[in-house]
Amino acid sequence: MSSGGRGGKRRGAPPPGPSGAAAKRAHPGGTPQPPPPAATAAAPVAEEEDMMDEDVFLDETILAEDEEALLLLDRDEALASRLSRWRRPALPADLASGCSRNVAFQQLEIDYVIGESHKVLLPNSSGPAAILRIFGVTREGHSVCCQVHGFEPYFYISCPMGMGPDDISRFHQTLEGRMKDSNRNSNVPRFVKRIELVQKQTIMHYQPQQSQPFLKIVVALPTMVASCRGILERGITIEGLGSKSFLTYESNILFALRFMIDCNIVGGNWIEVPAGKYMKAARIMSYCQLELDCLYSDLVSHAAEGEHSKMAPFRILSFDIECAGRKGHFPEPTHDPVIQIANLVTLQGEGQPFVRNVMTLKSCSPIVGVDVMSFDTERDVLLAWRDFIREVDPDIIIGYNICKFDLPYLIERAEVLKIVEFPILGRIRNSRVRVRDTTFSSRQYGMRESKDVAVEGRVQFDLLQAMQRDYKLSSYSLNSVSAHFLGEQKEDVHHSIISDLQNGNSETRRRLAVYCLKDAYLPQRLLDKLMYIYNYVEMARVTGVPISFLLSRGQSIKVLSQLLRKAKQKNLVIPNIKGQASGQDTFEGATVLEARAGFYEKPIATLDFASLYPSIMMAYNLCYCTLVPPEDARKLNLPPESVNKTPSGETFVKPDVQKGILPEILEELLAARKRAKADLKEAKDPFERAVLDGRQLALKISANSVYGFTGATVGQLPCLEISSSVTSYGRQMIEHTKKLVEDKFTTLGGYEHNAEVIYGDTDSVMVQFGVSTVEDAMKLGREAADYISGTFIKPIKLEFEKIYFPYLLISKKRYAGLYWTNPEKFDKMDTKGIETVRRDNCLLVKNLVTECLHKILVDRDVPGAVQYVKNTISDLLMNRVDLSLLVITKGLTKTGEDYAVKAAHVELAERMRKRDAATAPTVGDRVPYVIIKAAKGAKAYERSEDPIYVLDNNIPIDPQYYLENQISKPLLRIFEPILKNASRELLHGSHTRAVSISTPSNSGIMKFAKKQLTCLGCKAVISGSNQTLCFHCKGREAELYCKTVGNVSELEMLFGRLWTQCQECQGSLHQDVLCTSRDCPIFYRRRKAQKDMAEARVQLQRWDF
């Protein structure tokens, strides 16, 4: 639903959290009980580091066969034939009938389900077992469901000293008994299937001996890993050894991820099942064209290289729904019907969708190029969409806020209407979609509430969720995001108007359908523009996690996946020590050299460390397995030349003693990035370029996130000894660089000027060499980078990257300058930490700051910038600033009583509700407001007002508030390094003395004032009802009449231009403008022009000839 700038999608609400994760989660075992069609479970907090499997039993989500047969009987045959046009291409005969051909497909989603052991593939097994399901697409576009058997969940513990085969057997019996007690409701014949003695080594700390004995504990079902881990960690009595508690290893890895690691499968790669190694499914369980069973050991996983780096033709469905809300209420599934669903289906890599349709409740006029399907009842609309999903069989479902709004709304609405068969939207036959509330918590992304909608076999890609994770924007409404990335806006129809359009005629419903289609089209445009599919598939390939993990989980799972893969190669195991960071609890962060604030009119060279933190970890061999704890250092008696002592006091062995795993991972990532960038230069094919660019970006992000993984104290494997060592080396290098630059580049050393380091950030230093041309600064920058790089251990390298000229340094992490990489012309104006786009800033601040920086940096005109500020402040005080520039917008995330303190936008929403509940903002809407004049001492929340109400009633705004609370701080930050008395110069003086205040027309005391006519010439009060001019202005009729006519004509032209602009945005020049996008400046200009034009016409009517 997309009303009022995605108002219908609760704009500004927290983003969606985990979508269908690769390891399905519903019930922790026990006797399966069928849930209701859209069971909404409680909201667990799914922290990014918290990884637990929950077993879904195959029978619990399945409708009975005869029940499904009855439901299919009443399907509309005409509709079925209409939908069948969009089916996938038919399977070739040899695949459809036999198993004589290899099956290769690109996998998109991996999950598991609990079912009976396969009698043919596993003749010696019985009882429930985990069956992995891999969903994917072949090169020809055929959908595949591959059911993988025989892979068992397991974990490790350290084997106690002196434990022999007999002891292990007794331990097995004891553990089996404890597991039986803990899982009384389970019908599994054996909980602990076997315990094997293996030789492994822990990843933690340097250990000279090659390996030591571990016990590999194999259990029956994935959830039993957590149950067994709990028993062992709490303590268990072992005959001959007494009571003992164990540290477990690799016991917190999701089952699907464990399978992928052991089978060398990465997210989004190509998998092949050889001919003769698979069986056609005896009982068809999915809607996929090809369903087969095989053993996990028979799968062939291809590396993403050559032909296997290409993309399959995925089917991507982008959809949007519209709901008819009651007056004054945001749509709720318990009351408000779904009235339209727009769908676009595109093949991955193609520019245009091959399916464009809209399903409407009641008749709808035709739309060019769109299949319009009209239905008499809401039930028919919902079932038609369910059938459409089944026939089109999309691999990826996208939209804007679909995980939190559209999909849950459809499921809950079907439940209200008792349409039992609707929630069968996944790829498993008759399996209902499950919805549950979730809360995702991560240090990087914060706490977010969402809904987990499990659509089996289909990846849900919510563009809102992706935007909030990957970009920092002032607003995340679809309108605002589209304007930012696509350079186009869309018509915003407030949810209060949608019901009126629906209840009109087929033409008004067509208007709504066009609007709905645009809201389905824009997410697809954004997906293509931002190369999301390429980038996310490449990130999944690089990090080895399923694609769905990238949206539903945080950063640490990606590093853990790479660490587990490398550890498996080295025969190492990873302990489960979550949240138990060793060593000190905190460490000193990166160095930021003191900023010498000022306006620099000579070129400033920037020297950057290439991948600083990864380089430090590689150079000094910093890893879990190379760390020597203080107590071990004394015992091992390592010679000083064999270890690195870090500036923070830690000890790590050098690579010639033992190479670290983290440095190896980083070397491979950065070498792969170098190859990808080299291939990118050579590549000509646009699809190949997109894949390679996505890959090099994924490799860069992955390398940079390794350091953060070691420093996450609540992460999977925290090690503050590593992270504190990295930052201490970083600090040392920044200070070393500063010293070398200032010691070498001096007049005594033969240079023209003494170099000066004016600022140093985490991984870069800014140097003023004193030369006056960009070209000379570039030469010295390159010389300095080469000279200093030679003093560091490889691969640490200082690079010259750019020149800032001129450069405005405000303070730490706040600066602006012209960015040069070519001495002929600057690339762009670069700013950091300067609030040009903040949610609590009005547009006037952004425009003012941007224009000032342009005048100072590009035009080199500081007096011009000062004069521009003075003129703007004067215009503000004289009420000459367009109201749209003064609008502040904030999201209403909860009701007024739920806020701890009174907020301007919340109080305004309450006042607007009292005026007109039908059009007032509701929870999820963004509330625009301006600050108006009020009694002295009134709080800001008492002075907030609706901009439209202000326009209609001529209410004066409070320019002093904007000057003091919005404009002054950003301006002073820019001008204080340039002007001596910036505050006195800019904010005081003659330009601030003249203030204009408009008279309210219908509020306060003006409600009781008697209005009198004034002369149209000199504004003097005149008596009589029909007079136009006073006695003194008689004789000037022609001049004043022409002036009035000219004023009306000008305002009509202005209004016409703005109206046409809005019509072009809505896509029709023949219909009224309904848009109420309060994020859009044109909206307020149009309203003001309309009001001014009406007032001017009233003046014109007073001329009576």
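Cβ coordinates come from backbone N, Cα and C, glycine included.
Database features, via Swiss-Prot:
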- 1-46: region 'Disordered' (REGION)
- CYS1015, CYS1018, CYS1030, CYS1033: Zn(2+) binding site (BINDING)
- 1015-1033: zinc finger (ZN_FING)
- CYS1062, CYS1065, CYS1075, CYS1080: [4Fe-4S] cluster binding site (BINDING)
- 1062-1080: motif 'CysB motif' (MOTIF)
For CYS1030, CYS1080, listed as binding-site residues, tell me which one has the smallest number of other Cβ atoms within 10 Å.
CYS1030
Residues of the parent chain within Cβ reach of the zinc finger (1015-1033), under 8 Å, 6 or more residues beyond its termini
1040, 1044, 1099, 1102-1104
List the residues of the same chain that sit at least 6 positions away from CYS1018 (Zn(2+) binding site) in sequence and have their Cβ under 8 Å from its Cβ, in sequence order, or write 'none'.
CYS1030, HIS1032, CYS1033
Inter-residue C-alpha distance, CYS1062 ([4Fe-4S] cluster binding site) and CYS1015 (Zn(2+) binding site) (nearest angstrom):
36
List of residues, in chain order, with Cβ under 8 A from that of CYS1015 (Zn(2+) binding site) and at least 6 apart:
VAL1021, ILE1022, THR1028, LEU1029, CYS1030, HIS1032, CYS1033
For CYS1030 (Zn(2+) binding site), which DSSP three-state class applies?
coil
Reduced to three states, what secondary structure does DSSP give CYS1065 ([4Fe-4S] cluster binding site)?
helix
